[in-house]
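Student: Sharing the record's features from Swiss-Prot:
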type	residues	note
TRANSMEM	10-30	transmembrane segment
TRANSMEM	86-106	transmembrane segment
TRANSMEM	111-131	transmembrane segment
TRANSMEM	146-166	transmembrane segment
TRANSMEM	206-226	transmembrane segment
Amino acid sequence: MVPLMELDELCLLDMLVYLEGFMAFVSIVGLRSVGSPYGRYSPQWPGIRVPARPAWFIQELPSMAWPLYEYIRPAAARLGNLPNRVLLAMFLIHYVQRTLVFPVLIRGGKPTLLVTFVLAFLFCTFNGYVQSRYLSQFAVYAEDWVTHPCFLTGFALWLVGMVINIHSDHILRNLRKPGETGYKIPRGGLFEYVSAANYFGELVEWCGFALASWSLQGVVFALFTLSTLLTRAKQHHQWYHEKFEDYPKSRKILIPFVL
């Protein structure tokens, strides 16, 4: 028999998933009209701004801390099962890279508006809790789920997406030589096909995670990722075309050959 407290938390997780889906819809509608206020698109409003490196570290930290907490917590009921451990590890690995590695590699990132930083921190806290608690406490998989075609395909997409994301970030960081300023057209890798190759990689990564986890939690997270990254990708695409007369006309916005 499932304890009452676990039933209450499962109901809470269900409500939070639907809330995240609603947030994805609001994000698509809202950001379409105002754009994504970060980086070079950050409005010149007065107020507090957070330096790029600490902003990235702090805002991503909750999504690394939640799965780590679940791994060391003896009462994590489902982490005795291999599929749950692997899926939670997939989530954790991404956020270890985003929390501990990515901020260190940033070169001259623009300060982040406090409100943007706070919203990102709250989302990572919220989503980190939803994904970590579901996988560690409630998700039920057969032991051989890790050999199922859905899991294997999803895991492959997750891995390929992460490689694309990290490689594309590397290209962006190295556009300027030491001492150079200004902007350049990204070239190489998936940037030959889309304006936002790093975002495409992250989208593929979370779509793979959703397929591998075969869960509403994973699907909604992938949809939320699409809702935010598509807006940013459109901004990049438009900005590149306005900034550079020789910007390749054949490049798509986010998805090669499609969008």
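Note that Cβ sites are derived from N, Cα and C of the backbone, with glycine treated the same way.
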Student: Should the transmembrane segment (111-131) and the transmembrane segment (146-166) be scored as in contact, given a threshold of at least 3 Cβ pairs under 8 Å and pairs 6 or more apart?
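Tutor: These two stretches do not touch.
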Student: Okay, the transmembrane segment (146-166) and the transmembrane segment (10-30): do they have at least three CB pairs under 8 Å, pairs separated by 6 or more?
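Tutor: No, since the transmembrane segment (10-30) and the transmembrane segment (146-166) share fewer than 3 Cβ pairs closer than 8 Å, they do not count as touching.
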Student: When you scan the chain for residues with a C-beta under 8 Å from the transmembrane segment (146-166), skipping those not six or more beyond its ends, what do you find?
Tutor: 82-83, 86, 90, 93-94, 97, 189-190, 197-198, 200-214
Student: When you scan the chain for residues with a C-beta under 8 Å from the transmembrane segment (86-106), skipping those not six or more beyond its ends, what do you find?
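Tutor: Non-local partners: 52-54, 56-57, 60-61, 63-64, 67-68, 70-71, 79, 124, 128, 131-132, 135-136, 139, 146, 155, 158, 162, 166, 169, 173, 205, 209, 212-213.
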